[in-house]
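Let me begin by presenting the structure, written as structure tokens, before commenting on it.
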Amino acid sequence: MAKGRVAERSQLGAHHTTPVGDGAAGTRGLAAPGSRDHQKEKSWVEAGSARMSLLILVSIFLSAAFVMFLVYKNFPQLSEEERVNMKVPRDMDDAKALGKVLSKYKDTFYVQVLVAYFATYIFLQTFAIPGSIFLSILSGFLYPFPLALFLVCLCSGLGASFCYMLSYLVGRPVVYKYLTEKAVKWSQQVERHREHLINYIIFLRITPFLPNWFINITSPVINVPLKVFFIGTFLGVAPPSFVAIKAGTTLYQLTTAGEAVSWNSIFILMILAVLSILPAIFQKKLKQKFE
């Protein structure tokens with residue numbers, strides 16, 4: 001079991017160093033691997049690493065929340081009812097209420113509304129907080145289609161990349177402790193598609209095979225390059241966002257987020273998913289043929 005665990009961490013690209021030195025602690029030497037003292041030392045190190053990671057994560061979250069507070073304070077003066085509706089939408093009713101407020105101020109305070117939308121979307125994506133699907137729908141209600149699509153793709157790409165960097169900085173203990181088995185399996189898939197990684201990321205973003213939050217937090221651990229990750233995400237979220245944005249043009253006719261997706265749109269998404277992975281398949285077949 002221990003050997004399997006070591007192998008899994010090796011596949012995930014984990015690197016561990018053991019400090020060696022003199023002094024009071026050095027007089028008794030390092031504990032032998034597998035001994036009770038060694039297990040205690042390992043537990044202390046892991047516990048300290050987890051606490052430090054949590055402290056850094058909380059600090060970053062509070063800093064981001066403060067930025068969101070400043071964005072909100074820079075918003076125009078709102079009535080009591082409007083302030084109540086200025087929240088991250090959890091259902092379609094919340095989205096409609098928020099859309100009503102934003103559309104009222106969008107023309108007069110265009111930059112403030114755009115910055116608030118941009119910052120909120122990235123905040124949700126960075127910390128894997130649910131609600132971005134409703135913001136995608138709202139973009140179709142608030143802005144022309146080309147701008148809405150670019151805005152959603154950019155926010156998704158940046159937010160996911162910030163989540164990637166956050167995981168790279170403090171998320172490794174979480175991945176190692178809770179997601180090791182799944183991350184190892186995905187690491188094997190990534191290695192299999194290493195030559196066509198952008199196509200593979202696009203495919204994953206279009207299809208529902210892996211949750212977006214899982215892709216975001218495990219990618220740095222299994223050595224997916226950030227540039228490839230961003231480009232694949234930016235392009236991969238476009239087809240699903242297209243569906244959500246088009247639904248936003250009829251926002252007040254929707255009662256649930258599920259109504260934004262029709263069987264026709266699902267069929268189109270599946271076709272686009274297949275097309276995204278075809279170049280990799282064809283190149284692999286040609287390579288095998290010539291070899």
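Positions of Cβ are set from backbone N, Cα and C atoms, glycine also.
Checking Ser35, Ser43 against Swiss-Prot, you find phosphoserine recorded for Ser35. Checking the candidates Thr18, Thr207 against Swiss-Prot, the annotation phosphothreonine falls on Thr18. The largest share of C-beta pairs under 8 angstroms with the transmembrane segment (225-245) comes from 147-169, of the ranges 52-72, 147-169, 197-217. Taking the region 'VTT domain' (140-251) as a whole, pLDDT averages 89 in the prediction.
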